[in-house]
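Summarising the annotation, Swiss-Prot assigns disulfide bond to Cys43-Cys109 and lists sequence analysis as the type of evidence. If you look up Swiss-Prot, you'll see 22-112 marked as domain 'Ig-like', on the strength of sequence analysis. As annotated by Swiss-Prot, N-linked glycosylation site applies to Asn38, Asn42, with the evidence given as sequence analysis. Summarising the annotation, Swiss-Prot assigns signal peptide to 1-21.
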Amino acid sequence: METVLQVLLGILGFQAAWVSSQELEQSPQSLIVQEGKNLTINCTSSKTLYGLYWYKQKYGEGLIFLMMLQKGGEEKSHEKITAKLDEKKQQSSLHITASQPSHAGIYLCGAD
């Protein structure tokens with residue numbers, strides 16, 4: 001029997017005093033993935049990104065910081081999770097390779 005992972009997506013907006021009404025859109029908004037499959041989550045900003053943060057929240061637990069991206073073209077990886085920042089498109093993508101049950105949870109992006 002194949003395991004099905006549920007990944008919920010959310011937006012976590014950080015506001016600095018000099019940034020007003022930063023809007024982030026994450027897509028897809030929800031996702032169900034079979035174990036072993038790859039998945040990609042995108043986070044797009046309405047304004048210039050100076051820093052983008054990815055978090056994960058397991059059911060019933062607090063936020064877990066995954067990574068921070070600050071430079072355009074920057075790419076970081078940790079435990080089958082890779083994130084990349086594209087400043088020109090004002091977006092970041094989070095890619096999970098060969099998903100496992102430990103990847104289930106809510107993924108959030110935040111920006112400043």
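The backbone N, Cα and C atoms fix where each Cβ goes, glycine too.
The shown structure was predicted, so the numbers you read here are calculated from the model rather than taken from an experiment.
Features as recorded by Swiss-Prot, highlighted on the structure.
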| residue | record | DSSP (3 states) |
| --- | --- | --- |
| Asn38 | N-linked glycosylation site | coil |
| Cys43 | disulfide bond | strand |
| Cys109 | disulfide bond | strand |
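For Asn42 (N-linked glycosylation site), the same-chain residues that are 6 or more apart in sequence and have a Cβ closer than 8 Å to its Cβ are Gln26, Ser27, Gln91, Ser92, Ser93, Leu94.
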